[in-house]
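Q: Pasting the relevant annotations from TrEMBL:
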type	residues	note
TRANSMEM	A:7-28	transmembrane segment
DOMAIN	A:59-246	domain 'ABC transmembrane type-1'
TRANSMEM	A:63-85	transmembrane segment
TRANSMEM	A:97-117	transmembrane segment
TRANSMEM	A:129-150	transmembrane segment
TRANSMEM	A:171-193	transmembrane segment
TRANSMEM	A:227-246	transmembrane segment
Amino acid sequence: MNASLRLIGIFAIVFIAAPLLIVVPMSLSTSASLQFPPPGLWLGYYASYFTDMSWLRPTWNSLVIAFFTTLLTMALVVPATFALVRHRFYGKSVANLMMLMPLAVPHIVMAVGYYSYFGDLRLVFSKTGVVLAHTCLSVPITFLVLSANLKGFDRNLERAARSLGATPRQVFVHITLPILRPSLTISALFAFIQSFDETVVALFISGRDAETLPRKMFDSIRQEADPVIAVISTLLFLIVALALLAPHAMRLTRRMLATASRRTTPRDQT
Amino acid sequence: MTSYLTLSGVNKQYGAFTALDHVDLDVEKGEFVTFLGPSGSGKTTTLMIIAGFEDATDGAVEVAGQSLAGLAPQDRNIGIVFQNYALFPHKTAAENVYFPLQMRSVKRAEGLARAEEMLTLVGLEGFGHRYPKELSGGQQQRVALARALVFEPDLLLLDEPLGALDKNLREQMQIEIKRIQRKLGVTTIFVTHDQSEAMSMSDRIVVFDKGNIQQAGRPLDIYHRPQTRFVADFIGETNLFDATVTDAAARRAQSPVLGEVSYAAEGLPALADGQEVALVLRPEQMKLSRDPVPGRMNAAMTVETIVNFGDSALVIGRHGGTPIRVRLHGADVVILKEGDAATVSWTEDAVYVVTR
C-alpha cells in the first residue's frame, strides 16, 4: 500500500473514532456538565446513572419498546420477505415499494403523521404507540437484509430435503430456518438497534410514561447537559464492541477446540 | 422383462410452449438409463416430473405398477443427486446422510451408524464429522450420493452430477457411480448433455430433443445405428451427406458427394424411391488411400487439414464444397500431407440412412 493511501486511512479512522475519544473521558469527568477536557477523573456519574430512576426508567422503556418492536417487525417481515422473494403475484412491485417507503420519508414527517393520527386512536404517549411507529421504521432495513439473503438461498437444498422425505414443514424447521438463522439474527438486531436509537418519532409521541432513552438524553442535553449522557454513550459503545467481538471470539475458541480434537483422530488425513 | 418405471404420454406445457411432447418410456428394474440431450431438450423436465417437483400437464408415471399421481416428493421414495450437490451446509457429512433416515424416524445412534456405513461404501470412511465446505468437490459428490442412497430408494435420479468436476475427477466418479449402482442394483436415471459420459456409463441411452425422445437404445446402437439426423449429429463425430434414394428395394441412393452408394438395411425406416435422405458415415469407419481400393466404395477428396492427437489423427478434406472428416490411427497418417489428392473409402455396412 502506498504511503498517501495509508495516511488517508489513518485520518479516516481518527475522524470516525474522534467522538469516542472525547465521550469516554467526559464520562469519567468531575465537572457538573459536559465539558472537554475533563477537569478531573471520577466514576461518580456511573454510580448516578445506575441509581437514578429518571435515567433507569427511560432505559427500561427503551429496552421494552425495542424488544417488542423487534418481535413485531420480524413477525411481519419474515413472511412478507418469503412472499416477495419467492412468489409472483399481482401487485408485487407495489408491495415491494411499500415495504421500503419508510426509508424514503423523512422521520420528522412520519413523526408529525403519527402524532396527529395516533392522537385519534389514543395511542400517543403510550409504549404501544411507539412500538407501532418504530416497527414501521424498522421494516425497510430488516426487509432489505433478509431479502438479500433469501435471494441467495439455494432452493435445491429444499428440493433435496423434500426428496429425502421431509414435509414442507420439516424442510422449514430442519433446513431453511437453520441456514437462514444468521441473517435472521442480524436483521432482528437491525430492528432492535433502529428502535433503540430512534429519537425524532420518540420525541413526538413517547410522552412521559413511555419516555425512551434517546428522548431523555435529548431533553437532558438541552436543559442541564448532564455528564450521565457521556456515561450512557460509553456503555452503549462497550455493548456494541462486545457484540461485534463475540462471534470472532467464538470462532477462535471453536477453531482451537477443532484442532485439539483433530489431533486425536490420526486416521483422517486426506 | 417387465417395466419398472413407466412413463406414458407424459406431456408438459408452459403456456404455449411444449416442454415435453407425449413422452413414452419403459425402464427395467436395476437398469442404468441416461437421458442425453442439449439444454432445453426436456430431459431435466422429465426428471423433475418423476421426482414430483413438476406436475405433468398430461400423462402418467408409474413405479413398480404404482401410479405416482398425487404423491408429494417426500412420499415417492426417490433419491436425487443435484448438479450442485445441495448438501446441507449446517450439517456434517454424516448428519447429511442421516437426514433421510431421521425423516423416517430412525433413532439417531442407529441412523448415524448406517450413515457411516454408507459413507464407507462411497469411499469416505472417517469423513463423517466434516462439514460440506471442508470437503473437495469429488468428496461432496460422494456424500450427496450416499445421502440419496442410504434410505434404499426405489429410484435414483442424477441431475448432471458430474458437471462441476474437472476432467480427471469426472472420469473417476463415472467409474465410482457405476460401481456403486451395480453393487446396490438401484434403478438409475442419469441426466447429462455429455455424450461420452452417456456412452461409458449407461445400459441404455435415451436421446432427447425439443421435448421428444429421438431414440432410445443401447449405447453402441445409438452410436452406430442412429435413427434420426439429430441423433447422428449429436452423438460422436459424424459425416452427414445429403442423398436421394434411387432404388429402395436394392438399398441404393445417389449422393452429389459420394456418388452412387449402397447402404446397410438394419433398423432403417421404410424408404421410398426418390425420398430425400441423409447418409451417416462415422469418421473412424472410413479409410484414406492414394488410389481407389477395389472391393470398397470410393470417393475422391482433397486433404485440407490434418489434426494430430497422438493416438489418432483427424483428416479434414473436401469434395467440392462439402467437408469430409476421416479419423485415422496415428501410424496411418504419415503417407499424407495437406493439399494431397486422396481417395476416401468405406464398406456398405458402415453407411446408415436417416431421414432429412
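Note: Cβ is positioned from N, Cα and C throughout, glycine not excepted.
Can you walk me through where each of these features ends up in the structure?
A: Away from its own ends, the transmembrane segment (A:7-28) comes close to residues 34-38, 41-43, 45-46, 227, 230-231, 233-234, 237 of its chain (Cβ-Cβ under 8 Å, at least six residues beyond either end).
Long-range contacts of the transmembrane segment (A:63-85) within the same chain: residues 92, 95-96, 99, 127, 130-132, 134-135, 138-139, 142-143, 146-147, 150-151, 184, 187-188, 191-196, 210, 212, each at least 6 residues beyond the stretch ends and with a Cβ under 8 Å from a Cβ of the stretch.
Long-range neighbours of the transmembrane segment (A:129-150) within the same chain, counting only residues 6 or more positions beyond its ends whose Cβ lies under 8 Å from a Cβ of the stretch, are 65-66, 68-70, 72-74, 76-78, 80-82, 84-86, 99-103, 107, 110-111, 114, 118, 121, 123, 180, 183-184, 186-188, 190-191, 194-195, 198, 201-202, 205-206, 210, 212.
Sequence-distant contacts of the transmembrane segment (A:171-193), counting only residues of its own chain at least 6 positions beyond either end whose CB sits under 8 Å from a CB of the stretch, comprise 66-67, 69-70, 73-74, 77-78, 138, 141-142, 145-146, 149-150, 153, 157-158, 161-162, 243.
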